[in-house]
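Visitor: The structure follows.
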């Protein structure tokens, strides 16, 4: 009952905020301010939306942080041309990721406590290893097919290449696939992963070629090391 009462109280509060924003026209004004503050730049607006969501998520629970940015920030993303669902999923994702993103990084604090490790080292390393997951949020904006918007064939293609892209990004960031990756392998993995997250057959082909080349290189090195160890 206590949990239910807490949820009801939060919803009532958010209802009042939403109504106030609607009646006063504050939402439209904030949307205009956000768009104008970045000079109409889509990239700038996306980055501002990400930072605002992460900052709010540092001091609030995920539902509250998301609800606030859904009211104040999402309309700005929609205004510059992003689909409504993609804009909200982007914000919701970063409301969740705020828990593992410095400077607060509650998840990293818990992990550091369990491992008896330094908080900042844990938080920074966790953020680096989590770069692949951040890529997914941006993928929602640049490739709505990841949210099952579009033809079935294009949705399937986008989802498969996005999964490969995320795995490639993880390997590129950590520097390991079949064995330790060279700098060139890591660059090909990271660039290839970006290409496969973007919507388009051409970018998918470029990404597959780059990631495939990096995998073959890593596999070849691993076989040589195994053969050398056997002799």
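All positions are counted from 1 along the displayed chain.
Including glycine, each Cβ sits where the backbone N, Cα and C put it.
Predicted automatically and left uncurated, TrEMBL annotations should be read as such.
Keep in mind it's a predicted model, so treat the numbers as computed, not measured.
Take a look at what TrEMBL says about it:
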DOMAIN    4-149  domain 'TRAP C4-dicarboxylate transport system permease DctM subunit'
TRANSMEM  30-56  transmembrane segment
TRANSMEM  68-96  transmembrane segment
TRANSMEM  102-120  transmembrane segment
TRANSMEM  127-148  transmembrane segment
TRANSMEM  154-177  transmembrane segment
TRANSMEM  189-216  transmembrane segment
Visitor: Is the number of Cβ-Cβ pairs under 8 Å between the transmembrane segment (68-96) and the transmembrane segment (189-216) three or more, considering only pairs separated by 6 or more positions?
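Guide: No, the transmembrane segment (68-96) and the transmembrane segment (189-216) are not in contact.
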Visitor: Grab the same-chain neighbours of the transmembrane segment (189-216) for me: Cβ-Cβ under 8 Å, and only residues 6 or more beyond its ends, written as numbers and ranges.
Guide: 132, 135-136, 138-139, 142-145, 157-158, 161-162, 164-166, 168-169, 171-173, 177-178, 181
Visitor: Mind looking up the mean pLDDT for the domain 'TRAP C4-dicarboxylate transport system permease DctM subunit' (4-149) in the predicted model?
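Guide: Across the domain 'TRAP C4-dicarboxylate transport system permease DctM subunit' (4-149), the average pLDDT comes out at 77.
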